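Asker: Structure below; questions to follow.
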Amino acid sequence: MRNLTKTSLLLAGLCTAAQMVFVTHASAEESIEYDHTYQTPSYIIEKSPQKPVQNTTQKESLFSYLDKHQTQFKLKGNANSHFRVSKTIKDPKTKQTFFKLTEVYKGIPIYGFEQAVAMKENKQVKSFFGKVHPQIKDVSVTPSISEKKAIHTARRELEASIGKIEYLDGEPKGELYIYPHDGEYDLAYLVRLSTSEPEPGYWHYFIDAKNGKVIESFNAIHEAAGTGIGVSGDEKSFDVTEQNGRFYLADETRGKGINTFDAKNLNETLFTLLSQLIGYTGKEIVSGTSVFNEPAAVDAHANAQAVYDYYSKTFGRDSFDQNGARITSTVHVGKQWNNAAWNGVQMVYGDGDGSKFKPLSGSLDIVAHEITHAVTQYSAGLLYQGEPGALNESISDIMGAMADRDDWEIGEDVYTPGIAGDSLRSLEDPSKQGNPDHYSNRYTGTEDYGGVHINSSIHNKAAYLLAEGGVHHGVQVEGIGREASEQIYYRALTYYVTASTDFSMMKQAAIEAANDLYGEGSKQSASVEKAYEAVGIL
């Protein structure tokens, strides 16, 4: 059972739904939800925002607000010794400023504890999102081993697990964190190792900076393994570059460019190594006319353009980093490689084995799903474990279904060729693939990093209900359409969601986004609440 304490302006009492319990208390100033583990606020919604001190800067008002809540945060001393501003975002639509924060201990970031604060134009704080760790006592922040030693240990342990690694995909680094786990607090190096062979992965190792032992490890690769019925053969139109009578799959009209290359079935490990270290992208795809006869490359190029256009036209976003980053795609990576992934530098696509998968670049929603992982990386930075990881996957599914908006299925174009109507996941009916559609049926085990690909379907169902409406578990939801829904989720992702956002926090983030866009008390805000209630997220 999940226990949450919630302070509310409107009522006091005890209510239950699914397997969640909320305890409410009256307050005239703010609504607070407390994290069940630390009993510190996971979000604060200001009903009567504090009056800012005159002649102060925005950051001074921010830290004054944080100081005001130090008791609730269970922190000692000034807020500026516990929080670091990592990013500042100005929203021209509402004139609000959004601060992304990182909680620190003696200057060292606490892993997974990031926050977001929304401030009005008059410097009044409107809301606070993100879990806060209470005061940590007596942890040394002086490492006893070097970063190099930590990297060596991580690689040794990984090879013991998956076999000899000939090449790493890029140069590994070790970053110091305070790592909370099992009631302990360790100074640890987070070492990230990217591999394609002998097993694809984006491995995270937490190495104790005192004794060099492995505290924890997991694989956080974002990939779409298996979606759709293959490259469809439909005719596509897309932008290319012509030079001296030769045509290239290079589009310089969008951001800093969209380029598509051919790996010529180069081993995926070697390709990714060259990609990371020297920027190798494969061979240029050239045609003597404007007609290209490479179906996998045509789809990769056209779909990348479609996803760029979707984000640009729908949200005003300039590529995945909001700064026009070049989108590079390479097809024919490996031989019969059943995978597609964003590797931190570019998109890579395998051809599939012809049985379970066909060329994965043929699926628009897969391309959108993977590029959205990059958007999430550059905005919210959701952790890839438990409920934050499930939200990471769900948001990619939601945006995939919005970019390819003819249905609510994911990967139907390239998954299991020969099986009509099959898909990898369904937002409309997650049970088609045996996935849960209500929080009471969530997966609670440790596989799949706490069910990131399983429990994502619960949030997917909420998104479907928000857009289309319907009755689910006895709750009537009035649909608000795809257009309003996608705006709400994008705003929540880029302004309110933080690394540790869970399902309940995501609900409140979506409500705040709806309030920003359509006004408090709007039908859109009401539908958000009902959609989450219908799937048991309260």
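Each residue, glycine too, has its Cβ placed from N, Cα and C.
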Asker: Do you know which of GLU393, GLU409 Swiss-Prot groups with HIS369, HIS373 in the Zn(2+) site?
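Answerer: Site partner of HIS369, HIS373 for Zn(2+), according to Swiss-Prot: GLU393.
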Asker: Given that Swiss-Prot annotates ASP404, ASP407, GLU409, GLU412 as binding Ca(2+) 1, state which candidate in ASP365, ASP437, ASP448 belongs to that site as well.
Answerer: ASP365
Asker: In Å, rounded, how far does the Cα of ASP422 (Ca(2+) 3 binding site) sit from the Cα of HIS373 (Zn(2+) binding site)?
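Answerer: With distance taken Cα to Cα, HIS373 (Zn(2+) binding site) is 24 Å from ASP422 (Ca(2+) 3 binding site).
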Asker: For the region 'Disordered' (421-441), jot down how many residues DSSP puts in helix, in strand and in coil.
Answerer: 7 helix, 2 strand, 12 coil
Asker: Hey, what's the Cβ neighbour count for GLU409 (Ca(2+) 1 binding site) at 10 Å?
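Answerer: There are 24 such Cβ atoms around GLU409 (Ca(2+) 1 binding site).
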Asker: Cα-Cα separation of GLU393 (Zn(2+) binding site) and ASP406 (Ca(2+) 2 binding site), in Å?
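Answerer: Their Cα atoms are separated by 20 Å.
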Asker: Near GLU412 (Ca(2+) 1 binding site), how many other Cβ atoms are within 10 Å of its Cβ?
Answerer: 22
Asker: Going by Cα-Cα distance, pick out whichever of the recorded positions ASP365, HIS369, HIS373, ASP404, HIS453 is nearest to THR416 (Ca(2+) 3 binding site).
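Answerer: Result for THR416 (Ca(2+) 3 binding site): the nearest of the recorded positions is ASP365.
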Asker: Between the Cα atoms of ASP406 (Ca(2+) 2 binding site) and GLU370 (active site), what distance do you get, rounded to the nearest Å?
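Answerer: Computed Cα spacing between ASP406 (Ca(2+) 2 binding site) and GLU370 (active site) is 19 Å.
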Asker: Out of GLU393, ASP407, which has the highest number of nearby Cβ atoms, where nearby means within 10 Å of its Cβ, if these are the binding-site residues?
Answerer: GLU393
